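The transmembrane segment annotation in TrEMBL covers 20-39, 51-68, 80-97, 109-133, 171-193, 213-236, 300-317, 337-360, 381-401, 413-434. Among the features that TrEMBL reports, domain 'Cation/H+ exchanger transmembrane' is placed at 45-439.
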Amino acid sequence: MSHLSTLQSSSDFLSTTTIIALTIFFSLLCACIIIGHLLEENRWANESITALLLGLCAGAVVLLASKGNSSKILVFSEDLFFLYLLPPIIFNAGFQVKKKQFFKNFTIILMFGIFGTVISFCLISVGAFLLFNRIGVTSLNTQDYLAVGAILSATDTVCTLQVLSQDETPFLYSVIFGEGVVNDATSIVLFNAVQSLDFNNIDAMISLKLLGIFLYLFFTSTILGVVAGLLSAFIIKTLYFGRHSTDREVALMMIMAYLSYMLAELLNLSGILTVFFCGILMSHYTWHNVTQSSRITTKHAFATMSFIAETFIFLYVGMDALDIDKWKASSASAGTFIAVSSTLFALVLVGRAAFVFPLANFINCIRRRDGSNIAFRKQFIMWWAGLMRGAVTIALSYNQFSNSDDKDTQDSALMITSTIIVVLFSTVVFGSITKPLIEAVLLRHAKPNVSDATDIPSLDDLRIMFIENGEPSDRGENQQAAAGPRRSSLRLLLTHPTWTVHYLWRKFDDRFMRPVFGGRGFVPFVPGSPTGASDEASRT
């Protein structure tokens, strides 16, 4: 008895409720993995939809078990989402992304992710301001309307990763996914900028202040991610040169990636942008500085952590959607719920269409090379796949409306629940239809005229053109020879901007960056290996 009482007292510090909640969640995670494996070839389902529906079913069971009192077994926490679940997803996305395809479409990604998000933000904010008063939502202020625009402009990057294939549709994947990452970062930056502005004294300079805050946060976050990635490459290349340890290398890469995200949040920057570009730089430099076993370990470890975090998020959202306390907090009628949710979703549709089609056609006007235009079918898929909203939207909605001491509690609860309805509907409906829609709309057998393989001869041609234009002529026309390369380089940059920038970057990378930070072509020295043994023998 005394031994049993000792065990009982030693386990008092553990919360039984937390243990039960985690047990349920890990059981549901196992079920999601098994069901997702069984439905892997299914056109209509994916892991995110499976996890969401399973979370809804589990929430309904808990709600029935508690006799309608509560379905909460874990409270939705912004800290849990932004600090623990989101970083591994975004980092792995940057780490695994095909950089050549990503930077080839970098201009389109930036236009959609920045300018497109700002257009959507403005339209949704103005639309909410004009329509909500007619519905009966009257307690929101200017900051709330701008926050709604930022909240609903955030696309669901996680679901986009699962409904698009990087191999089957490389252009769509790189553009939609890249735009989704930049879009999420832009939405959060806009949201934080809205929170930091004083709307009691509104003047004509407020839009310029908003733009200045946005540009500062965007570029400083990106620079911090680049610096963190280069620092990790330099440390591993110098510290472990000649003495490698897989455990230390993997641990250092994980910790430095997470540290970059924490530093960005500590400095009130965009952690999403920082950790994404940190992942890109680590895959370009750091990953090549470690041993083969470390490369295999990091690749699968990052992918596994990202997969578990993605599934956990959708389970979390599904169970939290049936939180009866939020629904009771708002005394709005069913008609008001439907009206507000329909209005928000209509604004999402219009806001995305307002920038996808105009910007795509503007890009088509600029790029007149054969085969480089964005066809209307692809524009439609880009519009459709970006309509899904996810956990970022819910987290920002909680941040804005959950702690609403100075607002109407009923309207705040109405906004949270309506946002959840939009997230559930867009994820289940649009997420399930996207794969079949791609197969129906896009002609898979019609391969693009310009493939990745054609980039290499083009780069060689550019190299030859640079060399020929850079060499002085035999006629002694030194002045013309000196001026010729400048005109030719500029002309090449204007006619082939992507190829020219790629060529110049590769030249700079090979000459200056890789000797310092390592990267492709760098073979780490491992004592005891055949290469290491031969090197040691040659030295003696």
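Quick reminder: no glycine exception, Cβ is built from N, Cα and C everywhere.
Remember, TrEMBL labels are computer predictions, not curated facts.
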Maximum Cβ pairs under 8 Å to the transmembrane segment (20-39) - stretch from the list 80-97, 300-317, 337-360: 300-317
Tertiary contacts of the transmembrane segment (413-434), as residues 6+ beyond its ends and Cβ separation under 8 Å: 44-46, 48-49, 52-53, 56, 137, 140, 144, 148, 151-152, 156, 159, 162-164, 314, 317-318, 320-321, 326-327, 329-330, 332, 336-337, 340-341, 344-345, 348, 381, 384-385, 387-391, 393-394, 397-398, 400-402
Non-local residues, at least 6 beyond the ends, that sit with Cβ under 8 Å of the transmembrane segment (109-133): 102, 140, 142, 145-146, 148-150, 152-153, 174-175, 178-183, 185-187, 190, 218, 340, 343-344, 347-348, 350-352, 354-356, 359, 363, 382
Top partner of the transmembrane segment (337-360) among 51-68, 80-97, 213-236, 300-317, 381-401 - counted as Cβ pairs under 8 Å: 381-401
